[in-house]
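Enquirer: Just dropping this structure here.
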Amino acid sequence: LHMIHLHWYQYPPMNPMMYPLLLVFMLITGILCLAGNFVTIWVFMNTKSLRTPANLLVVNLAMSDFLMMFTMFPPMMVTCYYHTWTLGATFCQVYAFLGNLCGCASIWTMVFITFDRYNVIVKGVAGEPLSTKKASLWILTIWILSITWCIAPFFGWNRYVPEGNTGCGTDYLSEDILSRSYLYIYSTWVYFLPLAITIYCHVFIIKAVAAHEKGMRDQAKKMGIKSLRNEEAQKTSAECRLAKIAMTTVALWFIAWTPYLLINWVGMFARSYLSPVYTIWGYVFAKANAVYNPIVYAIS
């Protein structure tokens with residue numbers, strides 16, 4: 001109780017019907033996420049033709065999403081059943097840490113997937129091919145940096161606390177400069193910087209794809225045929241398709257996490273607008289991003 005901010009005590013208990021609705025949503029989300037990401041990992045690891053350096057990043061993405069839902073799903077179900085957080089202060093901190101860690105690892109994995117597509121499509125033969133060693137180094141870097149940032153609240157730079165009485169996360173209601181400085185930097189690290197890199201890469205990817213397609217049409221017109229699709233062109237077309245998949249995946253991630261980012265910033269600067277209902281659904285909606293990735297890659 002000592003970790004719960006006074007802000008949450010001013011609100012009456014939520015409508016009892018909200019919890020069954022939340023429980024059903026989490027049940028569907030949890031099953032889809034665990035099954036989808038497990039299948040993704042299994043297929044990529046057991047199909048020799050798919051065991052490429054670039055797909056190591058896809059496997060890492062599926063693993064971080066699987067870990068997120070594996071650790072978030074059961075506690076959320078318990079919370080929905082009892083209508084409040086009942087798992088204690090220590091597990092609250094561990095729960096929040098794992099959620100932040102997996103979210104951070106997922107977004108940076110998708111950023112590196114996007115950068116790899118940028119390297120292949122925009123730079124072409126001039127770009128350095130992604131090797132297994134380089135992909136492994138990227139993945140190691142992602143997890144080391146993610147752990148470094150997410151472990152900081154355990155050492156006094158911000159802290160993990162209950163939010164909305166049903167979940168746990170970073171302390172965005174604290175008014176001290178040290179706590180807020182963590183949220184400023186962390187928001188930049190897991191949202192604004194990845195977004196900037198993603199937009200930059202996709203702008204040039206789209207330009208490269210458009211230029212390639214125009215060149216293909218012009219060449220076909222000169223040869224007096226309707227299309228020009230040799231083996232190299234088909235390969236380029238496949239790369240472009242993968243770029244669209246990566247773009248869709250990253251876009252869905254940002255759509256999922258933007259509400260939670262806004263909750264953090266509203267909590268810092270306009271907490272009177274922040275109710276448990278908004279917090280809970282923003283939090284749950286953010287976790288649902290782990291469902292999107294296997295669906296997008298399965299369609300491909």
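Including glycine, each Cβ sits where the backbone N, Cα and C put it.
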Enquirer: Under the annotation given by Swiss-Prot, are Phe269 and Pro12 positioned on the same side of the membrane?
Expert: yes
Enquirer: Which of these links to Cys168 by a disulfide bond in Swiss-Prot: Cys33, Cys80, Cys92?
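Expert: Within the candidate set Cys33, Cys80, Cys92, Swiss-Prot assigns the bond with Cys168 to Cys92.
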Enquirer: For the topological domain 'Extracellular' (79-92), would you mind checking the mean pLDDT of the predicted model?
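Expert: That region's mean pLDDT is 88.
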Enquirer: Provide the number of Cβ atoms within 10 Å of the Cβ of Lys287 (N6-(retinylidene)lysine), excluding the reference atom itself.
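Expert: Excluding its own Cβ, the number within 10 Å is 25.
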Enquirer: Could you tell me which of these disulfide-bonded residues, Cys92, Cys168, has the fewest other Cβ atoms within 10 Å of its Cβ?
Expert: Cys92
Enquirer: Is it the case that the transmembrane segment (278-299) and the transmembrane segment (182-203) have 3 or more CB pairs under 8 Å, with pairs at least 6 apart in sequence?
Expert: no
Enquirer: Taking 3+ C-beta pairs under 8 angstroms (sequence gap of 6 or more) as contact, is the transmembrane segment (245-266) in contact with the transmembrane segment (135-155)?
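Expert: As far as Cβ distances go (cut-off 8 Å, pairs 6 or more apart), the transmembrane segment (245-266) and the transmembrane segment (135-155) do not touch.
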